[in-house]
């Protein structure tokens, strides 16, 4: 990001604390231009960094980016291989820059099937940035919302079976502590470019009362101004959380 960002003037109390971002449309963007699908993913790297800068400019403390889902293993072997290497290399290339900006990187997702080299880079980024406080970037790699809930339920069942957790102790708050990143707040703004209107199994528990904003623009074409527009729309929403005002 080289140009000066001019975020909208929105009072802090009307800003989302946590944005969930589905980085959708990379493959279609490339196909529309007669390029390999991998070229769309490469372009998406720069766009994600722009989104981090935009969040910092607005004072939004949490951004969760859907980088690779548990369902993405169904893609072609070549594309999966590329995405594994690409996620590894993005972290390797960008962790120092993210650290310099005060960004704390967190990994959300499952270990099974994930390349060891990807895990090493995720853990290295977490360790390098663990004390940063400007904002938190959750890289959701090998992540699925249902898988996360199932994993949490299994751990609760295991503890109940050995007598360390009583049924009456299982509440929404205590259940949250068994999720992949329990210290992050619930999602306020669920953002999906590309024109598609679905959650795609992303942060299901955390997005129970998220405001959904769908924008008809493929992710490689997405700009900070598009993110600003989504936040402005969010700020105008009347969030009642099931109640009335």
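Yeah, the Cβs are placed from backbone N, Cα and C, and that goes for glycine too.
The model shown is predicted, which means the values in this text are computed figures rather than measured ones.
A coil conformation is recorded for residue 24 (active site) in the three-state DSSP classification, outside any helix or strand. The active site feature in Swiss-Prot is assigned to 24.
Neighbour list (residue 72 (active site, proton acceptor), Cβ cut-off 8 Å, at least 6 residues apart, same chain): 80, 83. In the three-state DSSP assignment, the secondary structure recorded for residue 72 (active site, proton acceptor) is helix. Annotated active site, proton acceptor per Swiss-Prot: 72, in sequence order, evidence recorded as sequence analysis.
The Mg(2+) binding site annotation in Swiss-Prot covers 24, 211, and the record cites sequence analysis as its basis. Residue environment of residue 24 (active site) contains 22 other Cβ atoms, counted within 10 Å of its Cβ in all protein chains.
Taken from Swiss-Prot, the feature substrate binding site covers 25-29, 37, 41, 69-71, 73, 75, 192, 198-200.
Its Cβ placed at the centre, residue 27 (substrate binding site) has 21 other Cβ atoms within 10 Å. Annotation note: residue 29 (substrate binding site) sits in a helical segment as assigned by DSSP.
Across the binding-site residues listed here (29, 73), the residue whose Cβ sits among the most other Cβ atoms within 10 Å is 29.
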